[in-house]
Amino acid sequence: MVKICCIGAGYVGGPTMAVIALKCPSIEVAVIDISVARIAAWNSDQLPIYEPGLDDVVKQRRGKNLFFSTEVEKHVSEADIIFVSVNTPTKTRGLGAGKAADLTYWESAARMIADVSKNDKIVVEKSTVPVKTAEAIEKILTHNSKGINYQILSNPEFLAEGTAIQDLFNPDRVLIGGRDTPEGQKAIRTLKQVYAHWVPEDRIICTNLWSAELSKLAANAFLAQRISSVNAMSALCEATGADVTQVSNAVGKDTRIGPKFLNASVGFGGSCFQKDILNLVYICECNGLKEVANYWKQVIKVNDYQKNRFVNRMVSSMFNTVSGKKVAILGFAFKKDTGDTRETPAIDVCKGLLGDNAHLSIYDPQVTEDQITKDLSMKKFDWDHPTHLQPMSPCAVKQVNVVWDAYEATKDAHGLCILTEWDEFKTLDFKKIYDNMQKPAFVFDGRNVVDAEKLREIGFIVYSIGKPLDAWLKDMPAVA
């Protein structure tokens, strides 16, 4: 029986291995992690991450050919194929701070693999890593090889949270990069055979190592660029009276462009987009490509501008101050159908409002109070370190109240802002909400999920990103 193990039981490792176990019942799959609490959660009825469909997949295979364990060295030693899916946070100090990826956890994993291995291994990069990481890992393994052969493959994930299980069941493509040597090509074929259990062969793309590593960064940079492009247009739409939804629809009808990732919003979030672009910027700078680096930097600058613009619009609309005012925050996850808050725009919006002394009442159907408190008290980039290295019991953030009901969040609030496009926010009883809010009552829709005209008929003053401005807002420009 072929044995696979995955180091790292997070958002990538857990779901990916669960689907491999489901689709390949003849392969034994172990997901390993040093976090006892995380592994205990994977072995319980309450999985550590929320992802539609994940529960079913895990329950079907757990204990049969899918195992979650803290016995890291045992499973690494026994495995034929080792996926490495550890954190690659942005460096916060030293060379490349604020841009380069910190490969500390990757290097530790590689050294541990070299220490415990007794037979030849295929080591697969699953984390998003900088170009040429494979070369560095290869050097660590070969210099500590004790006669064991290692083949390094790059197999980047292209999952979208909220649809990760469907993405794994029916991927656009599976990318496998390896060395152009007989051994490298054999390793590629071995991994290809795993995916071929359910993925059509024409969707499995084989490349060299560097192309596979760079393709992941490039894909995320292109997607983020589209969001920043439409968000830049949203500011122009507000200034001119155009409607960004109509503009996006017209642009997206061009088959060369297409309609995806053209929804204006308060900004992009998630664990990859900003991190990968910063990484790309750093690689460009290291290779003397200053103009290319500046081009990609602008994608992040526009994203930050959009968040600042949203906060400034809120404050200027509410008589230029939110000090002492209750503001309801509906949605904290970076997008719907996930509990993930990494780099969510809600963090910067909330911090901006707290900076003006607002009182926040936050509701999200999938994000815990502990997570929200942690996010609002953590330093930038700290979220991407393993949980056991994050602050254990975050100090409560003053002026923040986390509730489990949208109506409770909005009661007596001066304004409410929608920061995640949860479906339930579209069907709230806004008349009831209006009656229980302070007047004038403001709605700031950062995801364009509500019917602004209906809300205006109820009595709300409404701001929707990229839409023609409410008469109230026209004399109150939001400048970043």
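Cβ atoms here come from the backbone N, Cα and C positions, even for glycine.
As annotated by TrEMBL, active site, nucleophile applies to CYS272.
What TrEMBL lists as NAD(+) binding site is 8-13, ASP33, ARG38, 86-90, 127-128, GLU161, 272-275, ARG342. In sequence order, ALA224, PHE268, ILE300, ASN303, GLU343 are the residues of the chain that are 6 or more apart from GLN274 (NAD(+) binding site) and have a CB within less than 8 Å of its CB.
What TrEMBL lists as domain 'UDP-glucose/GDP-mannose dehydrogenase C-terminal' is 328-452. Per-residue pLDDT, averaged over the domain 'UDP-glucose/GDP-mannose dehydrogenase C-terminal' (328-452), rounds to 90.
DSSP places the residues of the domain 'UDP-glucose/GDP-mannose dehydrogenase C-terminal' (328-452) in helix, strand and coil in these numbers: 43 helix, 19 strand, 63 coil. Distance noted between the C-alpha atoms of ASP33 (NAD(+) binding site) and CYS272 (active site, nucleophile) is 21 Å.
In this structure, the CA atom of GLY8 (NAD(+) binding site) is 16 Å away from the CA atom of CYS272 (active site, nucleophile). Neighbour count (other Cβ atoms within 10 Å of the Cβ, all protein chains): 20 for THR90 (NAD(+) binding site). Each residue contributes its Cα atom, and for ASN87 (NAD(+) binding site) and CYS272 (active site, nucleophile) those atoms are 11 Å apart.
The CA atom of TYR11 (NAD(+) binding site) is located 12 Å away from the CA atom of CYS272 (active site, nucleophile).
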